[in-house]
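Per TrEMBL, the features are:
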BINDING   B:5, B:139  Mg(2+) 1 binding site
ACT_SITE  B:5  active site
BINDING   B:66  Mg(2+) 2 binding site
ACT_SITE  B:66  active site
ACT_SITE  B:139  active site
(Lines of atoms letter the chains of each structure in order from A and count residues from 1; the text may use other names and numbers.)
(Lines give C-alpha, C1' and ligand atoms only; values in the text may rest on other atoms or scores of the structure.)
Protein backbone atom coordinates (compact mmCIF):
# COMPACT_ATOMS: atom_id res chain seq x y z
CA UNK A 1 0.00 0.00 0.00
CA UNK A 2 1.54 3.28 -1.20
CA UNK A 3 0.50 6.48 0.54
CA UNK A 4 1.19 9.85 -1.08
CA UNK A 5 1.03 13.18 0.73
CA UNK A 6 1.14 15.37 -2.37
CA UNK A 7 3.10 18.58 -2.62
CA UNK A 8 5.40 20.37 -5.01
CA UNK A 9 8.12 21.33 -2.53
CA UNK A 10 7.85 18.13 -0.48
CA UNK A 11 5.82 15.12 -1.59
CA UNK A 12 5.71 12.40 1.05
CA UNK A 13 5.79 8.82 -0.22
CA UNK A 14 5.37 5.85 2.10
CA UNK A 15 4.76 2.16 1.61
CA UNK A 16 3.25 -0.04 4.30
CA UNK A 17 2.55 -3.75 4.20
CA UNK A 18 -0.28 -5.23 6.17
CA UNK A 19 -3.93 -6.07 6.45
CA UNK A 20 -6.63 -5.30 8.98
CA UNK A 21 -5.89 -7.35 12.09
CA UNK A 22 -2.28 -8.12 11.22
CA UNK A 23 0.84 -6.16 12.18
CA UNK A 24 1.91 -3.36 9.87
CA UNK A 25 5.37 -3.24 8.35
CA UNK A 26 7.27 -0.27 6.93
CA UNK A 27 8.50 -1.04 3.40
CA UNK A 28 9.69 2.39 2.28
CA UNK A 29 9.45 6.04 3.13
CA UNK A 30 10.89 9.05 1.33
CA UNK A 31 10.16 12.60 0.33
CA UNK A 32 10.25 13.77 -3.27
CA UNK A 33 11.45 17.37 -3.38
CA UNK A 34 11.36 19.92 -6.17
CA UNK A 35 12.75 23.43 -6.17
CA UNK A 36 10.48 26.49 -5.95
CA UNK A 37 12.94 28.08 -8.40
CA UNK A 38 11.92 25.67 -11.14
CA UNK A 39 8.89 26.16 -13.36
CA UNK A 40 5.74 24.17 -12.74
CA UNK A 41 6.38 21.76 -15.61
CA UNK A 42 9.83 20.82 -14.29
CA UNK A 43 8.44 20.43 -10.79
CA UNK A 44 5.52 18.21 -11.79
CA UNK A 45 7.87 16.11 -13.90
CA UNK A 46 10.12 15.75 -10.84
CA UNK A 47 7.19 14.65 -8.67
CA UNK A 48 6.14 12.15 -11.33
CA UNK A 49 9.67 10.77 -11.67
CA UNK A 50 9.99 10.34 -7.89
CA UNK A 51 6.66 8.53 -7.55
CA UNK A 52 7.28 6.41 -10.64
CA UNK A 53 10.66 5.32 -9.23
CA UNK A 54 9.05 4.17 -5.98
CA UNK A 55 6.22 2.35 -7.80
CA UNK A 56 8.75 0.73 -10.11
CA UNK A 57 10.93 -0.50 -7.25
CA UNK A 58 8.24 -1.64 -4.80
CA UNK A 59 5.26 -2.48 -7.05
CA UNK A 60 2.55 -1.52 -4.53
CA UNK A 61 -0.89 -3.07 -5.04
CA UNK A 62 -2.85 0.13 -4.39
CA UNK A 63 -2.28 3.83 -3.87
CA UNK A 64 -3.86 6.20 -1.35
CA UNK A 65 -3.54 9.92 -2.09
CA UNK A 66 -4.52 12.74 0.24
CA UNK A 67 -7.71 14.43 -0.87
CA UNK A 68 -7.09 18.14 -1.32
CA UNK A 69 -9.48 20.85 -0.22
CA UNK A 70 -9.22 24.44 -1.38
CA UNK A 71 -9.83 25.97 2.01
CA UNK A 72 -6.35 27.23 2.90
CA UNK A 73 -3.71 29.18 1.01
CA UNK A 74 -4.91 29.16 -2.58
CA UNK A 75 -1.46 29.06 -4.14
CA UNK A 76 -0.31 26.13 -2.04
CA UNK A 77 -3.53 24.25 -2.60
CA UNK A 78 -3.27 24.50 -6.38
CA UNK A 79 0.24 23.04 -6.26
CA UNK A 80 -0.97 20.28 -3.96
CA UNK A 81 -3.87 19.48 -6.29
CA UNK A 82 -1.50 19.38 -9.26
CA UNK A 83 1.02 17.12 -7.49
CA UNK A 84 -1.87 14.91 -6.36
CA UNK A 85 -3.13 14.64 -9.94
CA UNK A 86 0.31 13.48 -11.05
CA UNK A 87 0.30 10.79 -8.35
CA UNK A 88 -3.23 9.68 -9.20
CA UNK A 89 -2.62 9.39 -12.92
CA UNK A 90 0.75 7.65 -12.42
CA UNK A 91 -1.01 5.00 -10.35
CA UNK A 92 -3.98 4.72 -12.71
CA UNK A 93 -1.62 4.32 -15.68
CA UNK A 94 -0.32 1.17 -13.99
CA UNK A 95 -3.83 -0.09 -13.39
CA UNK A 96 -3.50 0.36 -9.61
CA UNK A 97 -6.63 1.19 -7.62
CA UNK A 98 -6.48 4.74 -6.26
CA UNK A 99 -8.19 5.86 -3.08
CA UNK A 100 -8.48 9.38 -1.75
CA UNK A 101 -8.62 10.05 1.96
CA UNK A 102 -8.89 13.39 3.70
CA UNK A 103 -6.22 14.48 6.18
CA UNK A 104 -8.84 14.03 8.93
CA UNK A 105 -9.49 10.45 7.92
CA UNK A 106 -5.78 9.65 8.01
CA UNK A 107 -5.32 11.35 11.38
CA UNK A 108 -8.35 9.61 12.83
CA UNK A 109 -7.13 6.25 11.55
CA UNK A 110 -3.78 6.41 13.31
CA UNK A 111 -4.56 8.54 16.39
CA UNK A 112 -8.30 8.18 16.88
CA UNK A 113 -8.63 11.95 16.53
CA UNK A 114 -9.29 13.65 13.18
CA UNK A 115 -7.80 16.87 14.53
CA UNK A 116 -4.59 15.41 15.91
CA UNK A 117 -1.49 17.55 15.44
CA UNK A 118 1.56 16.58 13.43
CA UNK A 119 3.56 15.43 16.46
CA UNK A 120 0.79 13.05 17.50
CA UNK A 121 0.44 11.62 13.98
CA UNK A 122 4.21 11.11 13.74
CA UNK A 123 4.28 9.46 17.17
CA UNK A 124 1.51 7.02 16.31
CA UNK A 125 2.95 6.18 12.89
CA UNK A 126 6.29 5.45 14.60
CA UNK A 127 4.56 3.25 17.17
CA UNK A 128 2.27 1.40 14.73
CA UNK A 129 5.18 0.58 12.44
CA UNK A 130 7.48 -0.21 15.42
CA UNK A 131 10.17 2.14 14.15
CA UNK A 132 13.26 3.09 16.15
CA UNK A 133 13.35 6.55 14.60
CA UNK A 134 10.37 8.76 13.81
CA UNK A 135 9.91 9.42 10.09
CA UNK A 136 10.81 13.00 9.15
CA UNK A 137 9.71 15.44 7.86
CA UNK A 138 5.99 15.53 8.65
CA UNK A 139 5.17 14.86 4.98
CA UNK A 140 6.83 11.44 5.29
CA UNK A 141 4.81 10.58 8.39
CA UNK A 142 1.63 11.86 6.72
CA UNK A 143 2.21 9.62 3.71
CA UNK A 144 2.61 6.62 6.03
CA UNK A 145 -0.52 7.62 7.96
CA UNK A 146 -2.44 7.68 4.67
CA UNK A 147 -1.14 4.25 3.74
CA UNK A 148 -2.07 2.86 7.18
CA UNK A 149 -5.48 4.54 6.95
CA UNK A 150 -6.10 2.81 3.64
CA UNK A 151 -4.84 -0.56 4.80
CA UNK A 152 -7.34 -0.42 7.65
CA UNK A 153 -10.25 1.17 5.79
CA UNK A 154 -9.43 -0.01 2.33
CA UNK A 155 -10.05 -3.70 2.52
CA UNK A 156 -13.80 -3.54 2.90
CA UNK A 157 -14.16 -0.46 0.70
CA UNK A 158 -12.16 -1.97 -2.15
CA UNK A 159 -14.40 -5.02 -2.13
CA UNK A 160 -17.51 -2.81 -2.21
CA UNK A 161 -16.10 -0.70 -5.06
CA UNK A 162 -15.16 -3.78 -7.04
CA UNK A 163 -18.66 -5.19 -6.55
CA UNK A 164 -20.18 -1.87 -7.65
CA UNK A 165 -18.00 -1.80 -10.75
CA UNK A 166 -18.97 -5.35 -11.61
CA UNK A 167 -22.62 -4.42 -11.18
CA UNK A 168 -22.64 -1.39 -13.50
CA UNK A 169 -19.93 -2.06 -16.08
CA UNK A 170 -19.67 -4.63 -18.81
CA UNK A 171 -16.76 -6.88 -17.89
CA UNK A 172 -14.75 -9.38 -19.83
CA UNK A 173 -14.70 -12.94 -18.50
CA UNK A 174 -11.76 -13.57 -16.24
CA UNK A 175 -9.66 -16.62 -15.53
CA UNK A 176 -9.27 -16.00 -11.84
CA UNK A 177 -10.66 -18.67 -9.59
CA UNK A 178 -13.65 -18.69 -7.31
CA UNK A 179 -13.55 -17.95 -3.61
CA UNK A 180 -15.53 -20.30 -1.39
CA UNK B 1 1.49 25.23 -30.92
CA UNK B 2 -0.90 23.18 -28.78
CA UNK B 3 -3.35 25.03 -26.55
CA UNK B 4 -5.11 23.22 -23.71
CA UNK B 5 -8.16 24.54 -21.88
CA UNK B 6 -8.07 22.05 -19.02
CA UNK B 7 -11.13 20.43 -17.53
CA UNK B 8 -12.34 17.03 -16.39
CA UNK B 9 -15.73 17.07 -18.10
CA UNK B 10 -14.53 18.91 -21.20
CA UNK B 11 -10.86 19.55 -21.95
CA UNK B 12 -10.36 21.73 -25.02
CA UNK B 13 -7.38 20.86 -27.21
CA UNK B 14 -6.39 23.02 -30.18
CA UNK B 15 -3.35 23.21 -32.42
CA UNK B 16 -2.47 26.31 -34.41
CA UNK B 17 0.44 26.85 -36.78
CA UNK B 18 1.94 30.28 -37.24
CA UNK B 19 4.35 32.92 -36.09
CA UNK B 20 4.00 36.57 -35.15
CA UNK B 21 3.38 38.51 -38.35
CA UNK B 22 2.37 35.51 -40.45
CA UNK B 23 -1.13 34.09 -41.00
CA UNK B 24 -2.40 31.53 -38.50
CA UNK B 25 -3.58 28.11 -39.56
CA UNK B 26 -5.85 25.65 -37.75
CA UNK B 27 -4.22 22.22 -37.51
CA UNK B 28 -6.52 20.44 -35.09
CA UNK B 29 -9.26 21.09 -32.58
CA UNK B 30 -11.10 18.66 -30.34
CA UNK B 31 -12.54 18.24 -26.88
CA UNK B 32 -11.52 15.42 -24.57
CA UNK B 33 -14.48 14.41 -22.44
CA UNK B 34 -14.70 12.25 -19.33
CA UNK B 35 -17.76 11.20 -17.41
CA UNK B 36 -18.66 12.72 -14.04
CA UNK B 37 -19.80 9.20 -13.12
CA UNK B 38 -16.23 7.91 -13.24
CA UNK B 39 -13.76 8.24 -10.39
CA UNK B 40 -11.03 10.86 -10.51
CA UNK B 41 -8.30 8.38 -11.45
CA UNK B 42 -10.25 7.14 -14.49
CA UNK B 43 -11.05 10.70 -15.52
CA UNK B 44 -7.47 11.97 -15.26
CA UNK B 45 -6.28 8.92 -17.18
CA UNK B 46 -8.84 9.75 -19.87
CA UNK B 47 -7.63 13.34 -20.08
CA UNK B 48 -4.05 12.15 -20.32
CA UNK B 49 -4.88 9.62 -23.05
CA UNK B 50 -6.72 12.27 -25.08
CA UNK B 51 -3.89 14.80 -24.86
CA UNK B 52 -1.23 12.15 -25.50
CA UNK B 53 -3.07 11.04 -28.64
CA UNK B 54 -3.12 14.58 -30.02
CA UNK B 55 0.56 15.16 -29.16
CA UNK B 56 1.45 11.83 -30.73
CA UNK B 57 -0.40 12.59 -33.95
CA UNK B 58 0.57 16.24 -34.43
CA UNK B 59 3.91 16.56 -32.59
CA UNK B 60 3.44 20.20 -31.51
CA UNK B 61 6.61 22.14 -30.68
CA UNK B 62 5.23 23.80 -27.54
CA UNK B 63 2.20 23.66 -25.27
CA UNK B 64 0.19 26.48 -23.72
CA UNK B 65 -2.06 25.57 -20.80
CA UNK B 66 -4.59 27.83 -19.14
CA UNK B 67 -3.39 29.04 -15.75
CA UNK B 68 -5.97 28.16 -13.12
CA UNK B 69 -7.04 30.45 -10.32
CA UNK B 70 -8.95 29.25 -7.29
CA UNK B 71 -11.40 32.11 -7.21
CA UNK B 72 -14.57 30.45 -8.45
CA UNK B 73 -16.32 27.20 -7.60
CA UNK B 74 -13.82 25.28 -5.49
CA UNK B 75 -14.81 21.84 -6.70
CA UNK B 76 -14.58 22.78 -10.38
CA UNK B 77 -11.30 24.57 -9.88
CA UNK B 78 -9.65 21.56 -8.26
CA UNK B 79 -10.66 19.40 -11.21
CA UNK B 80 -9.36 22.04 -13.60
CA UNK B 81 -6.05 22.22 -11.73
CA UNK B 82 -5.74 18.43 -11.80
CA UNK B 83 -6.53 18.20 -15.53
CA UNK B 84 -4.09 21.05 -16.17
CA UNK B 85 -1.37 19.21 -14.23
CA UNK B 86 -1.89 16.15 -16.42
CA UNK B 87 -1.52 18.29 -19.55
CA UNK B 88 1.59 20.05 -18.20
CA UNK B 89 3.36 16.85 -17.20
CA UNK B 90 2.43 15.08 -20.45
CA UNK B 91 4.07 17.91 -22.38
CA UNK B 92 7.09 18.10 -20.07
CA UNK B 93 7.59 14.34 -20.37
CA UNK B 94 8.10 14.87 -24.11
CA UNK B 95 10.53 17.71 -23.48
CA UNK B 96 8.12 20.28 -24.87
CA UNK B 97 8.26 23.82 -23.44
CA UNK B 98 5.12 24.58 -21.43
CA UNK B 99 3.68 28.07 -21.03
CA UNK B 100 0.82 29.10 -18.78
CA UNK B 101 -1.47 31.97 -19.75
CA UNK B 102 -4.43 33.31 -17.82
CA UNK B 103 -7.88 33.36 -19.42
CA UNK B 104 -7.57 37.18 -19.53
CA UNK B 105 -4.32 36.99 -21.46
CA UNK B 106 -5.85 34.64 -24.01
CA UNK B 107 -8.97 36.80 -24.37
CA UNK B 108 -6.91 39.96 -24.69
CA UNK B 109 -4.69 38.32 -27.31
CA UNK B 110 -7.54 37.44 -29.66
CA UNK B 111 -10.10 40.18 -28.94
CA UNK B 112 -8.07 43.02 -27.46
CA UNK B 113 -10.21 42.82 -24.33
CA UNK B 114 -9.25 40.67 -21.34
CA UNK B 115 -12.89 40.58 -20.25
CA UNK B 116 -14.39 39.56 -23.58
CA UNK B 117 -17.25 37.08 -23.38
CA UNK B 118 -17.25 33.60 -24.86
CA UNK B 119 -19.13 34.61 -28.01
CA UNK B 120 -16.58 37.30 -28.78
CA UNK B 121 -13.64 34.96 -28.22
CA UNK B 122 -15.23 32.33 -30.46
CA UNK B 123 -15.94 34.91 -33.16
CA UNK B 124 -12.37 36.20 -33.19
CA UNK B 125 -10.84 32.71 -33.14
CA UNK B 126 -13.05 31.83 -36.12
CA UNK B 127 -11.98 34.98 -37.94
CA UNK B 128 -8.24 34.75 -37.13
CA UNK B 129 -8.10 31.14 -38.31
CA UNK B 130 -10.38 31.92 -41.31
CA UNK B 131 -12.74 29.07 -40.44
CA UNK B 132 -16.09 28.49 -42.16
CA UNK B 133 -17.61 27.14 -38.98
CA UNK B 134 -17.06 28.40 -35.43
CA UNK B 135 -15.33 25.88 -33.17
CA UNK B 136 -17.69 24.44 -30.57
CA UNK B 137 -18.05 24.07 -27.64
CA UNK B 138 -16.49 27.12 -25.98
CA UNK B 139 -13.71 24.93 -24.53
CA UNK B 140 -12.51 24.22 -28.08
CA UNK B 141 -12.45 27.91 -28.96
CA UNK B 142 -10.70 28.71 -25.66
CA UNK B 143 -7.98 26.15 -26.39
CA UNK B 144 -7.41 27.75 -29.80
CA UNK B 145 -7.37 31.23 -28.24
CA UNK B 146 -4.65 30.03 -25.84
CA UNK B 147 -2.61 28.61 -28.70
CA UNK B 148 -2.95 31.86 -30.67
CA UNK B 149 -2.08 33.86 -27.56
CA UNK B 150 1.09 31.87 -27.15
CA UNK B 151 2.04 32.05 -30.82
CA UNK B 152 1.85 35.81 -30.58
CA UNK B 153 3.34 36.27 -27.12
CA UNK B 154 5.50 33.20 -27.03
CA UNK B 155 8.16 33.91 -29.59
CA UNK B 156 9.94 36.67 -27.73
CA UNK B 157 9.28 35.15 -24.31
CA UNK B 158 10.67 31.76 -25.28
CA UNK B 159 13.89 33.40 -26.44
CA UNK B 160 14.18 35.35 -23.18
CA UNK B 161 13.54 32.20 -21.12
CA UNK B 162 16.11 30.23 -23.06
CA UNK B 163 18.65 33.00 -22.56
CA UNK B 164 17.87 33.11 -18.84
CA UNK B 165 18.30 29.35 -18.54
CA UNK B 166 21.65 29.52 -20.31
CA UNK B 167 22.71 32.33 -17.99
CA UNK B 168 21.89 30.71 -14.64
CA UNK B 169 22.37 26.97 -15.09
CA UNK B 170 25.56 24.99 -15.30
CA UNK B 171 25.66 23.35 -18.69
CA UNK B 172 27.61 20.43 -19.97
CA UNK B 173 29.95 21.11 -22.87
CA UNK B 174 28.22 20.52 -26.15
CA UNK B 175 29.45 19.53 -29.56
CA UNK B 176 27.16 21.88 -31.42
CA UNK B 177 28.25 25.11 -32.97
CA UNK B 178 31.50 26.52 -34.18
CA UNK B 179 34.28 27.88 -32.04
CA UNK B 180 35.78 31.12 -33.31
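Including glycine, each Cβ sits where the backbone N, Cα and C put it.
Keep in mind that what you see is a predicted model, and the values were worked out from it rather than measured.
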Would you mind listing, in sequence order, the residues at least six apart from the residue listed as 'Mg(2+) 2 binding site' in the same chain with a Cβ closer than 8 Å to its Cβ?
B:4, B:5, B:6, B:80, B:84, B:100, B:101, B:102, B:103, B:106, B:142, B:146
Fewest other Cβ atoms within 10 Å: which of the binding-site residues B:5, B:139 wins that one? Let me know.
B:139
When DSSP is mapped onto helix/strand/coil, what comes out for residue B:5 (Mg(2+) 1 binding site)?
strand
Taking DSSP three-state, what's residue B:139 (Mg(2+) 1 binding site) in: helix, strand or coil?
helix
